[in-house]
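Pulled from Swiss-Prot, these are the features on record:
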ACT_SITE  S50  active site, charge relay system
ACT_SITE  H89  active site, charge relay system
ACT_SITE  D115  active site, charge relay system
REGION    159-170  region 'C-terminal short (CTS) helix'
TOPO_DOM  1-15  topological domain 'Cytoplasmic'
TOPO_DOM  37-173  topological domain 'Lumenal'
TRANSMEM  16-36  transmembrane segment
Amino acid sequence: MLGIADMQPRQLAAQILNFALVLSTAFMMWKGLSVVSDSPSPIVVVLSGSMEPAFQRGDLLFLWNRGADTQVGEIVVYNVKGKDIPIVHRVVRRYGGGKTPLRLLTKGDNNLADDTELYAAGQSFLNRQEDVIGSVVGFIPFVGYVTILLSEHPWLKQVMLGLMGVMVVLQRE
């Protein structure tokens, strides 16, 4: 196996370009999913136990945001103004629709109260158009635990990126 120091400049450049190709392909796939699903974040990870037993911490959720109508009982992912962590909860009430903006009230299945305390200051309901990222259309159990581990232990990100970089550079064609 060749080390980095033993590689010819062209071979090293090819390996670096190969690594860049892998990263850009992943980015293009993410953006493609965003366009198809009409959601800025088409895949999210459940970060808490508020939706148990429907979803467990670490489940990977697939979102769809093409439907403008949301029904009571539907599970949606929304952002709260001023916070950057999406929340996954079930719609328990809906108001308006048609000519007036659709407003939603949500609640976690494992929570005692609705989400009004989680909403932005002065907000009693979610605006379907402005706050909701998408509706859950599918999930894969526990696959998202990698994301949780990476956010709880930041040094793991550096280790994983380093290992991926070494694997790409040392890969033989």
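Count begins at 1; order follows the chain as displayed.
Using N, Cα and C of the backbone, Cβ positions are placed for all residues, glycine too.
When the Cα atoms are compared, D115 (active site, charge relay system) and H89 (active site, charge relay system) turn out to be 9 Å apart. Between H89 (active site, charge relay system) and S50 (active site, charge relay system), the C-alpha separation comes to 8 Å.
Long-range Cβ neighbours of S50 (active site, charge relay system) (same chain, at least 6 residues apart, Cβ-Cβ under 8 Å): I87, V88, H89, G108, D109, N110, N111. According to DSSP, the secondary structure content of the region 'C-terminal short (CTS) helix' (159-170) in residues is 12 helix, 0 strand, 0 coil.
Summarising model confidence by region, the region 'C-terminal short (CTS) helix' (159-170) averages a pLDDT of 83. All protein chains considered, the CB of D115 (active site, charge relay system) has 21 other CB atoms within 10 Å. A coil conformation is recorded for S50 (active site, charge relay system) in the three-state DSSP classification, outside any helix or strand.
In the three-state DSSP scheme, H89 (active site, charge relay system) is classed as strand. DSSP classifies D115 (active site, charge relay system) as helix under the three-state reduction.
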